[in-house]
Amino acid sequence: MDTFITRNFQTTIIQKAKNTMAEFSEDPELQPAMLFNICVHLEVCYVISDMNFLDEEGKSYTALEGQGKEQNLRPQYEVIEGMPRTIAWMVQRSLAQEHGIETPKYLADLFDYKTKRFIEVGITKGLADDYFWKKKEKLGNSMELMIFSYNQDYSLSNESSLDEEGKGRVLSRLTELQAELSLKNLWQVLIGEEDVEKGIDFKLGQTISRLRDISVPAGFSNFEGMRSYIDNIDPKGAIERNLARMSPLVSATPKKLKWEDLRPIGPHIYNHELPEVPYNAFLLMSDELGLANMTEGKSKKPKTLAKECLEKYSTLRDQTDPILIMKSEKANENFLWKLWRDCVNTISNEEMSNELQKTNYAKWATGDGLTYQKIMKEVAIDDETMCQEEPKIPNKCRVAAWVQTEMNLLSTLTSKRALDLPEIGPDVAPVEHVGSERRKYFVNEINYCKASTVMMKYVLFHTSLLNESNASMGKYKVIPITNRVVNEKGESFDMLYGLAVKGQSHLRGDTDVVTVVTFEFSSTDPRVDSGKWPKYTVFRIGSLFVSGREKSVYLYCRVNGTNKIQMKWGMEARRCLLQSMQQMEAIVEQESSIQGYDMTKACFKGDRVNSPKTFSIGTQEGKLVKGSFGKALRVIFTKCLMHYVFGNAQLEGFSAESRRLLLLIQALKDRKGPWVFDLEGMYSGIEECISNNPWVIQSAYWFNEWLGFEKEGSKVLESVDEIMDE
């Protein structure tokens with residue numbers, strides 16, 4: 001770690017960091033992680049200061065804009081961090097006195113000459129918003145906050161205090177440091193170093209050692225014996241060895257594969273006697289309705305945001321006589337409506353807490369007290385009525401039109417964007433110009449794609465849900481389903497899509513389930529496609545005027561559940577961006593290598609030589625539909641999002657099993673003459689996974705369409721070959 005710090009930070013920064021540690025009687029050699037954290041904090045403060053300047057009239061300039069005017073410029077930010085504490089306090093008091101403001105109770109990191117405000121800079125390895133509110137509770141409004149995370153997100157109390165270039169530089173530097181640390185296996189050293197009590201090394205006493213020894217699993221006599229077994233175990237090779245012993249008993253007859261041998265997968269998806277596959281995503285997507293409230297773009301607590309939105313739409317908030325439109329099989333509509341009214345009242349009151357009372361209807365909705373009772377094995381053996389439940393096999397469903405409609409709507413362009421990506425610094429090397437140009441085209445397409453708004457809603461909601469599940473395990477909490485969007489004019493809007501209720505969440509294991517009741521707004525009448533909504537209870541709660549037309553507003557209610565793994569994946573849903581962009585960039589790179597120059601613009605817009613690139617993005621009336629490069633990018637991005645939203649064991653199995661079939665088809669297209677054995681067994685493995693997952697069923701439907709086109713194409717090629725032979 002010492003070598004890493006020396007190589008990655010300037011000598012002056014390291015020296016100041018060591019001086020800071022010395023003031024608190026800390027040894028840099030014993031606490032290298034603390035030295036690293038102080039160096040990072042100092043460097044971020046200097047990056048912010050070095051990027052922003054003021055002229056004599058108080059006008060702001062970035063470092064780039066101020067080139068050639070250096071004599072008339074002065075730094076916008078005074079760096080207080082890194083000074084000896086006595087001098088730092090003296091500087092802080094004199095700045096406060098000079099500008100006629102109150103001296104903060106805590107020592108600040110920066111002072112902004114433009115806004116005349118002190119600033120606290122924070123670096124976190126967790127979520128920026130979490131650390132922001134932690135600091136906010138401590139500092140109040142005494143100073144502005146700038147929080148940056150290694151996770152590539154940030155939270156500012158004043159969005160205008162730092163331009164996009166400055167944010168991008170800071171986040172890029174943090175990413176670079178994290179990558180370097182990970183390469184050298186030093187990143188784990190820093191985990192847990194942030195705002196936690198220091199651990200104390202102590203020798204285990206006899207009692208603790210004895211308790212440790214008797215706590216080991218059955219089959220081990222003591223802890224050391226178990227540790228020795230784990231250290232020496234060979235987890236690999238056992239399956240291979242057993243298979244080798246079985247090889248004389250296995251009989252497989254290879255057969256050369258032909259196009260005629262391939263058939264559509266999952267024939268039951270066309271069976272009209274089966275029910276349509278129902279909508280089972282965690283939150284509404286294309287059917288969502290957000291209550292919009294214009295805002296200045298500052299960070300807000302979710303409860304404040306939800307309260308302001310509900311106040312603007314008071315007719316919906318105060319509705320007490322709903323009309324029941326649809327009821328799910330097991331729902332109690334009266335209990336659900338009472339719970340919704342409790343949620344609204346909790347959000348609307350003046351208290352800071354968003355805790356719900358444990359009423360009988362709240363307990364019913366969250367399943368409180370309905371968990372299985374654990375019984376000792378000895379008791380179960382003696383009781384004849386105790387037996388293992390039969391495994392529940394998912395019911396088969398047929399393909400539904402709503403999946404394709406969702407896909408079409410989510411891949412369209414809208415007038416609003418919710419995607420929050422950090423800006424990057426100015427280009428230096430020629431290859432960076434290419435990267436920036438490519439990024440610009442990609443982001444322009446994705447930014448205003450409906451799917452990116454839905455993705456950010458999922459990210460924010462799952463972040464809040466996981467935080468509340470960990471922080472308030474025994475309490476019922478109301479969690480607003482929110483987002484923030486920016487329109488084409490640059491105006492920010494807070495969006496409230498509904499409210500959710502979290503039940504008790506004593507999640508010891510990653511797969512332990514927490515009940516979540518969701519109440520979401522929509523303008524979609526569920527009776528139009530009733531087969532889509534069997535899991536929902538729907539009320540009509542009023543109407544809104546949109547573009548001069550009155551639209552009914554419906555409240556979609558559902559009792560659902562999730563676990564830690566799903567919540568963590570929800571927080572990282574931004575990963576959908578990477579796969580779609582990498583896939584399209586590979587095509588651009590391939591075209592560029594053929595043409596000998598960067599083809600980014602040519603692929604998206606065309607140039608003097610090449611017309612814009614098009615792709616097959618679907619079918620209509622049995623014919624392939626072509627779309628632009630940008631449309632193809634949005635379609636792939638939307639598919640990645642749907643893959644996350646509907647991800648479960650069925651989808652994992654279908655993806656893995658169908659990959660083999662795709663490889664066989666590719667081999668047939670390349671005329672490599674593939675050989676197979678037990679083709680029907682492979683089909684059986686694929687069809688076992690096609691039950692009631694909407695995305696799996698739709699993927700099977702698309703696969704069958706594509707297989708039909710490929711078969712037709714192969715017949716054309718065969719006829720051409722015959723003509724050539726003659």
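Every residue gets a Cβ built from N, Cα and C, even glycine.
Cross-referencing Asp27, Asp55, Asp109 against the Mn(2+) 1 binding annotation in Swiss-Prot, which names His41, Glu120, Val121, picks out Asp109. Swiss-Prot assigns the feature motif 'Nuclear localization signal 1 (NLS1)' to residues 125-140, out of the candidate ranges 125-140, 301-316, 557-572.
The average per-residue pLDDT of the prediction over the motif 'Nuclear localization signal 1 (NLS1)' (125-140) is 88, rounded to a whole number.
Residue counts for the motif 'Nuclear localization signal 1 (NLS1)' (125-140) under DSSP, split into helix (H, G, I), strand (E, B) and coil, are 12 helix, 0 strand, 4 coil. When the Cα atoms are compared, His41 (Mn(2+) 1 binding site) and Glu81 (Mn(2+) 2 binding site) turn out to be 9 Å apart. DSSP assigns His41 (Mn(2+) 1 binding site) to a helix in the three-state reduction. Minimal Cβ crowding within 10 Å, among the binding-site residues His41, Asp109, Glu120, is found at His41. In the three-state DSSP classification, Val121 (Mn(2+) 1 binding site) falls within a strand. Listed in chain order, the residues near the Mn(2+) 1 site other than His41, Asp109, Glu120, Val121 are Val44, Cys45, Glu81, Ala108, Leu110, Ile119, Gly122, Ile123, Met146, each with its Cβ within 8 Å of the site Cβ centroid.
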